[in-house]
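Visitor: Here's a structure for you.
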């Protein structure tokens, strides 16, 4: 299915007023099928997060916010104290779905904190939904700012290598890393994207290439293992990725990002990270963050096809950690930060 304009694509995640439910693009079906699914219960939303129907740090922040709004809508509590208990249970369930992405918990906590201003149960429901909607709206504005600050790093005619998907489908709309590309193109620059497949779930080949092709942005798909050779051949002008969590010492992002950072450093190619301030974990460091481990069968199988012996031992972390010394700059909605990266400066 090819869409003819941006208006054909709904936001990655939104609220359906008529059914009081969360609606989202099921990214597990791409590129074969573009389908919007409805989450009418908290358990269905949690399943959507766990199974990566919705993924990407900023999108998960919105999912966390809408999740609390959904729980408030479904709660049968008669008083604020009972509702608060219900929402704390919902918050725990939402946060447990993905351990590494900081935005999910940030979105949950932001809506919970907003509800503290409520005077009654209906007021809490109204505040929760409005705060969740604010998170979604702010995400789009934030991504546009990231794009604005990042375009100076992309020259007319550049080829940009990216990993996983940090585009509109990783956010409510527009994108972080790919948002920088979109902003540069809006300025009239010709930019090409080299998308790494991003094994084992192939977010690069399934989602990034599909998304860019919808917007008619030139994209070339390569195997993950070819990135270094592409750099050696002079095909890559810069590497531009998103982030799932940024701590004092490292950038957590999709597995394979660390390898790209080493290859970029070896070939003297700039390595940029594009992420909102909400992705920063100001108190964390590499050793304090639990990296999510995925199902071993993601490596043993591709769909229904077996790729490896069923009983082979598998090590399948979802993320890796790129040290700050490998990062040229971090592009945020508050501006660009350069090494040495002092997170206290980000708070100013």
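Just so you know, glycine gets a Cβ as well, placed from its N, Cα and C.
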Visitor: Swiss-Prot has 55, 56, 57, 98, 253, 254 binding substrate. Which one of 203, 305, 306 is in the same site?
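Guide: The candidate from 203, 305, 306 that Swiss-Prot ties to substrate along with 55, 56, 57, 98, 253, 254 is 203.
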Visitor: Given a separation of at least six residues and a C-beta threshold under 8 Å, show me what packs close to residue 98 (substrate binding site) in the same chain.
Guide: 49, 50, 60, 104, 292
Visitor: Just checking a number: largest C-alpha distance across 55, 56, 57, 98, 203, 253, 254 for the substrate site, rounded to a whole Å.
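Guide: Between the most distant Cα atoms of the substrate site, 17 Å.
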Visitor: May I ask for the distance between residue 55 (substrate binding site) and residue 244 (active site, proton donor), taken between their Cα atoms and rounded to an integer number of Å?
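Guide: Approximately 10 Å lies between the Cα of residue 55 (substrate binding site) and that of residue 244 (active site, proton donor).
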Visitor: Count the Cβ atoms, other than its own, that fall within 10 Å of the Cβ of residue 244 (active site, proton donor), considering every protein chain shown.
Guide: 30
Visitor: Within 10 angstroms of the C-beta of residue 203 (substrate binding site), what count of other C-beta atoms is obtained when all protein chains are considered?
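Guide: So the Cβ neighbour count for residue 203 (substrate binding site) comes to 27.
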Visitor: Compute the C-alpha separation of residue 56 (substrate binding site) from residue 244 (active site, proton donor), stating it in Å without decimals.
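Guide: Taking the Cα atoms only, residue 56 (substrate binding site) lies 7 Å from residue 244 (active site, proton donor).
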